[in-house]
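Before any comments, here is the structure.
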Amino acid sequence: MCVKKIRKASIWATGSYLPEKILSNSDLEQMVDTSDEWIVTRTGIKERRIAAPGEYASIMGAKAAEKAIEKAGLTKDQIECIIFSTSAPDYIFPSSAALAQAYLGIKEVPAFDCMAACTGYLYGLSVAKALVESGAYNNVLLIAADKLSSFVNYEDRNTCVLFGDGGSACVVGESRPGALEITNVNLGADGSVADLLSLPAGGSRLPASPETVAEGKHFIYMEGKEVFKHAVRRMESAAKICIAEAGLAEGDIDWLVPHQANERIIDAIAKRFEIDESKVFKTLSKYGNTAASSVCIALDELLQLHVINSGEYLLLVAFGGGLSWGAVVLRQVEG
């Protein structure tokens, strides 16, 4: 009898790209009615990176992808599919995936965007996992990048202190020694509360017009207190389900790699799962909220700074507009 091998998808390598320009809290003090103490106390953010002219989501993502492909030991010609998670695409169309493909010089493979706001990396990871495990593709390039500085109102102290720009990427393929196996994924969304976090204008519902520009409809809108409550509750629920479906106890998680939105949210999740502070990886103070790219940027930095031991489990959690949320459990494969 022929027994078909069950394919398991894993992250082979990661990469990240951060713009050079730093926007510090002291810089913001000169722009809006705020202070370093106010920002740090409420968010944990000290500075964030801002893309230069000519640095778009597609470019930042592609630069991160070059690092991930090299670390995976692949050539660009071996990439078979490109997924690009972003909420700040270069254009409505063509896709940022296609633009990144052209920048990278990857020829005529499928390339498409995935939009789930700050949860975009986890959504993209779920799609990449399915494509690899189904046998459709062997090597999938997942990019997550955002340039939210293009949509920030630097006269609104409640939102301008939060966001930064950046790009990230990972290569997903069949599980191999030394890789991070994508053990389980749990995702969710609730469009009935979509208005709590949005960028109202610029789409087909509110096309750009003098009125939408004058009314500030092209800037990020957020009801912070309500978003906070949803974020903690939804990420906790997704994480519990994901951990249980992986056949694990909550105490089995070795590292927490959360979406870098707000230190209070991160600390609340860590507390609920009793994860020691030393095992909660944060980049928030340096980069702020880099939206879809934040989890993968943090994961890439974690892998550069720490040795993940064989058999250790990582929990990724994220929350964003939609409202959308998700959790992913990764396991370090031996070797």
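Quick reminder: no glycine exception, Cβ is built from N, Cα and C everywhere.
It is 260-264, from the ranges 25-29, 215-219, 260-264, that Swiss-Prot records as region 'ACP-binding'. Calculated from their C-alpha atoms, the gap between Cys118 (active site) and His259 (active site) amounts to 8 Å. His259 (active site) and Asn289 (active site) are 8 Å apart (CA-CA, integer value). According to DSSP, Cys118 (active site) is assigned to a helical segment.
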